[in-house]
Amino acid sequence: MAALFTKFHAFFLFILLLSFALQVVSGEDSQCVTDSTHGCHDKSKALKLNLIAIAAILIFSMIGVCLPLFTQSFPALNPDSKAFSIIKAFASGVILATGYMHVLPDSFACLQSDCLPRHPWKKFPFSTFVAMVSALLTLMLDSLAMSYHTAKPKARADFGSSSDLKKAAATTELHTTAGNGELVHNDSHTKLLRHRVVAQVLEVGIVVHSVVIGLSLGASHNPCMIRPLVIAMCFHQLFEGMGLGGCILQADYKLKMNMIMVFFFSITTPFGIALGLCLSNIYSENSPIALIVVGVLDAASAGILNYMALVNLLAVDFMGSKLQQNVTLQMLAFLAVLLGAGGMSLLAKWA
């Protein structure tokens, strides 16, 4: 399964690169010019800031996504603890706000741009439509993945094969009923499989918008825009990484799979910046194809993030027995969600 996941990421990055290649081809023919860089256009200074951004965002991304993984050394912060529930609620709020306050507005800005023809782009709400379809497709993928791994014993055994999954499989009670031979599975095994599907689908949504925002940052020659955006992006990646890291921790992969997921999360934004730097002389963010590609990708990413945050993170935790049986913990978790969503919403002023 780890190999399949790696191949999927490689294919997905190929599609993104192909999309950006189309943007570059269309950039030279762009007839839409804006004055957004007027008075603050310094290519050499922008290059220095972007190189700093690559290093800083990479470090903050790695710290954010690795921080929850290191909590395994502290019993008070294990996935079954109250403290972990509060931290996860905060991170879930961050992911929710990322979709609603950062990614979806960017899609609106692209697909409602004056550089696109009025028909059909201003006659139909494409951003929300794509986000809705993306959320429904995520639901379908989510459901089919769980059905596959629940129905196939061999797939369950191969799905990451960490020590805890083997333990869960070993403790799974399989009872054959006299009537229809139906299998009854232990809940712990199903939960672990569920956490793994959630972690992988969530990372896909994060990877999309990380590459897109990195490309825009790297292609910019405007130091006045880059400077505050780098600071905001560092905090953005830190908190978002904590949310993903918490999901990876609950998925309980082996070290190799953990490293693969940490690597893809940490490298995507710096990769996008580096790609933007390489294409900065020919890439036009205001070309029609560039606006459409980025707008659609952002909307799709927003749909994935919003679905994952509401359905697979917040709803699962708040409707689960742990919070339902402890009103005080439930209120603290609500407060953590509001703090996470509020803080990330505040960052939307700059990023």
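For all residues, glycine too, the Cβ spot is worked out from N, Cα and C.
TrEMBL annotations: computationally assigned, not manually curated.
TrEMBL has this to say about the protein:
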{"type": "SIGNAL", "residues": "1-27", "note": "signal peptide"}
{"type": "TRANSMEM", "residues": "51-71", "note": "transmembrane segment"}
{"type": "TRANSMEM", "residues": "83-104", "note": "transmembrane segment"}
{"type": "TRANSMEM", "residues": "124-146", "note": "transmembrane segment"}
{"type": "TRANSMEM", "residues": "197-217", "note": "transmembrane segment"}
{"type": "TRANSMEM", "residues": "261-283", "note": "transmembrane segment"}
{"type": "TRANSMEM", "residues": "289-315", "note": "transmembrane segment"}
{"type": "TRANSMEM", "residues": "327-348", "note": "transmembrane segment"}
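Most Cβ pairs within less than 8 Å of the transmembrane segment (51-71), among stretches 124-146, 261-283, 327-348, belong to 261-283. The list of residues near the transmembrane segment (327-348) in space but at least 6 beyond its ends in sequence, with Cβ under 8 angstroms from a Cβ of it, reads 82, 85-87, 89-94, 96-98, 101-102, 105, 232, 235-236, 239, 314, 317-318.
Listed as Cβ neighbours of the transmembrane segment (289-315) (distance under 8 Å, sequence separation of 6 or more from its ends, same chain) are residues 16, 19-20, 22-23, 25-27, 30, 88-89, 92-93, 95-96, 98-100, 103-104, 106-111, 113, 115-116, 126-135, 137-139, 142, 198, 201-202, 204-206, 208-209, 212, 215-216, 243, 247, 283, 337.
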